[in-house]
C-alpha cells in the first residue's frame, strides 16, 4: 500500500512538472505569435496590450496562499489588516520555510523551477531593457528569503552578484549555487569572505561584487546592494524611472555624525574569534582631512561612482583607513558621497545632509523613532517584532511602506509574518504587469 502511494505521488509530480513545462512553452509561443514588448508597454492603451497583460498576469500572478485580502491590506483597510494578523498567528506554528534540500531538488530541472516559482523571464518594456541595474546580494542563511528576494527583483536584462558568507553551511552554499545556475545573469562573487558583524568584511563583500559587476558585459547604469532580509517595494519599471530621475547622482544616507558615533573611527578595532573588539589605540585623522559623515550600509550608486570607489587613489586611501573601524559600511559610503572627487557627490555643508527617509536606498523603521505621528514621530509603531532595534515588518506596515519613495525596505522574515511578504509579492507582481496598484 505504501509503495502504491509513493508511485502515485511520483506520477503526480511528473504530471505536474510536464504541465508546468507545457504551460511555459505555450506562454512563450503565445507571446511570439501575438505579443511583444510594445504590447506590454504600460503607455500603450490598445486592446491587444490589455489582452497580452491579462495572459501574462494569469500565468505569473503570485496570489497569497492564505485567505487574506491583500488588496485591502496594501490599501490600509483595518479589517483586512486585522484578518491578516490573526491569520498569521493561527498558522505561524505550521509555517516551515523551504529548506536547502527543497531547492536542491527543485532546481534539478531549471525550466520547471523557474515556471513553478514564477520568475519573470523576459523584459516587460523597452525602457527597462535600455536601463539595466546591477545588484550585490550579500547573504549567509535562510535560503527561502534569498530565493524570494531574487524572484522579486529579477529581470533578465539586469545583472546579479551573490556573495555567500564563507562560513555559511555547505548545504546552503550548494542550494544557492543550484538556484543561480538556472539564470545566465546571476553569479556567485569570484572572491568570498568570512563576514563578521560590524567589521570591514561586510564592505569587502560588496566591493568584491562591485569588481565582478564592472567586469561583466552588461552595461548597467546603477548599483544597488542588498541583504537577505531586504525586499523591494517598487517594481523594476518604477526603479528604472526613479534611477533615471537621479540623472547620474547617487542616493544614500549621509549626515553629520552625532558625537557618540565618533569612537567608531577614532579608535582601532580588531576582530577576535569572529567578534569585533574596541582597543585603546587611537587612529590618525582621516586622509585629506576629510570630514566624516554617517549613514547606513545600503546605497544607490551610479556606475561612475562605483568605478571611482575601486580605481580612484583618494578613495582607495580612505578605504584603507576605515578598515579597522567599527561598522565602516555606515561611514565609508556616507563620507565618499561628500567627497568632491566622487561622481554624483554633494557638498559638505549640512544643507546637503541626506537622512535615511530622504534617500531612496532603504526604508527602515527604527524602534527608537517609532511613536505617535501626531506628536512628531516619523512613523507609527512596528506591527511585527523588533530585531536589533529594527522593525521586522508585519502586514500592518505595508500601507505606510508603499506610500514611501524608497526602492527597498528592511527587514522581512517569513517566520515572523509571511502574510506581509505574500501580500507584497502579490502587489508587486500586479504592479509589474499592469502598472497600477492592486
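Glycine too: its Cβ is placed from the backbone N, Cα and C atoms.
Swiss-Prot has this to say about the protein:
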- 70-227: disulfide bond (DISULFID)
- 161-382: disulfide bond (DISULFID)
- 182-209: disulfide bond (DISULFID)
- 391-423: disulfide bond (DISULFID)
- 289: N-linked glycosylation site (CARBOHYD)
- 1-6: topological domain 'Cytoplasmic' (TOPO_DOM)
- 27-438: topological domain 'Lumenal' (TOPO_DOM)
- 7-26: transmembrane segment (TRANSMEM)
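Put simply, 161 is the one of the disulfide-bonded residues 70, 161, 227, 382, 391 whose Cα lies nearest to the Cα of residue 182 (disulfide bond).
The DSSP secondary structure for residue 391 (disulfide bond) is strand. Of the listed disulfide-bonded residues, namely 70, 161, 182, 209, 391, the sparsest Cβ surroundings within 10 Å are found at 182. Of all the disulfide-bonded residues given, namely 227, 382, 423, the one with the smallest number of surrounding CB atoms inside 10 A is 382. Counting only the Cα atoms, the space from residue 209 (disulfide bond) to residue 161 (disulfide bond) is about 6 angstrom. Closest by Cα distance to residue 382 (disulfide bond), from the recorded positions 70, 227, 289, 391, 423, is 391. When the C-alpha distances from residue 70 (disulfide bond) to the recorded positions 161, 289, 391, 423 are tabulated, the minimum falls on 423. When the Cα atoms are compared, residue 423 (disulfide bond) and residue 227 (disulfide bond) turn out to be 20 Å apart.
Of all Cβ atoms in the protein chains displayed, 6 besides its own lie within 10 Å of the Cβ of residue 289 (N-linked glycosylation site). In the three-state DSSP scheme, residue 70 (disulfide bond) is classed as helix. Note on proximity: of the recorded positions 161, 289, 391, the one nearest residue 227 (disulfide bond) is 161, by Cα distance. A coil conformation is recorded for residue 382 (disulfide bond) in the three-state DSSP classification, outside any helix or strand. Taken residue by residue with DSSP, residue 161 (disulfide bond) is part of a strand.
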